[in-house]
């Protein structure tokens, strides 16, 4: 049992309230990702769950037990830090076996578990090396290995890939996905600001904004039916086109949102002037200027052969229009 | 290319001059200590005759041996106590948040604003009123007070440079905050701890002014005071004075040689990467 229940959790630093009334239910074995802009409180929430930060008020349960006052080492968690946090004066073997030595595990057990984790992460050739002798990717694998060795009920990842280059990030992301497959009973909570990581890894995503939970849902739910304007703008790259005013009113809501891939170029009731294009290989982004709606982004497959300044027709499928009320909440009916 | 060579040459020359200025008196003391008295003032810098009689003479003096023992006792105790007090004090200033922490840090630093001479009289009055005059305890406490502020601030700088995440990782792995300090932070700042201990020893070993003010009895004199007694107007020997100087210098030189790698590491290490 490694389910996590967060009830009315608040965290303040003096007069500054960083987390406000957080309520979350994370099932045992679930992979949940916290996303949100910088300063939204996602790392603080993770640190509250880990026990590295105390909770100002509210309740935190792990495996059915209230752990508000339980020290981090007794919560059955392991954490992978953004900066790896490998102990520089210990080699990989000692780094990975550190928690077991603290627990006074036998030498044979420590050795066996370190070797098992090293095999899982292809770290055997590096066991006698020091962190300074490893590449960024290898260090991150050691950090994950150190967490695996503890056999935790809950895995916490604090932006584990943000120090890696783009290629390595993809490779390590796949490794984490594979790791999750091998640990089906382990609950994983992962903090990132990279929505590709969130969309590809998560069973469910928790979107945080200004210390509040904005929406919780599967990647598909968040993408297909964002509950608020904030989520609509935050999830998806390039961002959803958000249009207010007369143009939106004409489509039945104070504010509407249209994903760039749902903008149909070349046909439709509207006219826009092409201001700029970005070619990405598999597809292109076309930036349009519409006199009433303002600037819009369209995503088209392949290369967009429209000269800048061309005025062209565009439109949207009605079913793909997301409608929001004046407070930014999603309207369920058109 | 020529400009670079010229610049390098000039820099080398300046370094050489600085080195000669620093080393010449030390070399002179060492050479004079192994030359007969007659050659010290008359001969050149290169010795032609050697003798160990100056060393034999000062080691034959019981007051000098007592002073050597006293200096060693005070130096070692001051060094150990400096480390034992400065490590937790600097860790607390670096890692914990509490009311008055910054002010306390400022007060520790503020003690360095006054030269030792300025606090000499109050210290002497204080030590006298405590009845500790002419005791090694008095010297130990005053030397500790002299060196601790710098030791605390120096160590605080090194602890600040150790990422907190390392300790947090250790806490999650199962240690307490103190356990993380001993198992993670302390090994990482070991060069700085050794540097602080060495400096405390050197400071105590060579301290003259407070010793002069607090000590008058032969049995509790330290080496710098004993060296002063060698300047005896009735039986004065430059060779013995120089030999005394060498004896005073030897432990510090040995310490620096023993810990040179750690000291250089302690003085230059900036941050620690994981």
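For all residues, glycine too, the Cβ spot is worked out from N, Cα and C.
Looking at B:72-91, B:172-191, the stretch flagged in TrEMBL as transmembrane segment turns out to be B:72-91. Ranking B:136-155, B:192-216, B:236-259 by CB pairs under 8 A with the transmembrane segment (B:9-31) puts B:236-259 at the top. Within its own chain, the transmembrane segment (B:192-216) has Cβ neighbours under 8 Å at 71, 74-76, 78-80, 82-83, 86-87, 116-117, 120, 123-124, 127, 133-134, 138-139, 142-144, 146-147, 150-151, 154-155, 158, 186, 222-225, 228, 248, 251-252, 255-256, 259, 262-263, 266-267, 269, counting only residues six or more beyond its boundaries. Long-range contacts of the transmembrane segment (B:236-259) within its own chain (CB-CB distance under 8 A, at least 6 residues past either end) are made by residues 26, 29-30, 32-33, 35-37, 40-41, 51, 53-55, 57-58, 64, 68, 72, 75, 194-195, 198, 201-202, 205-206, 223-224, 226-227, 230.
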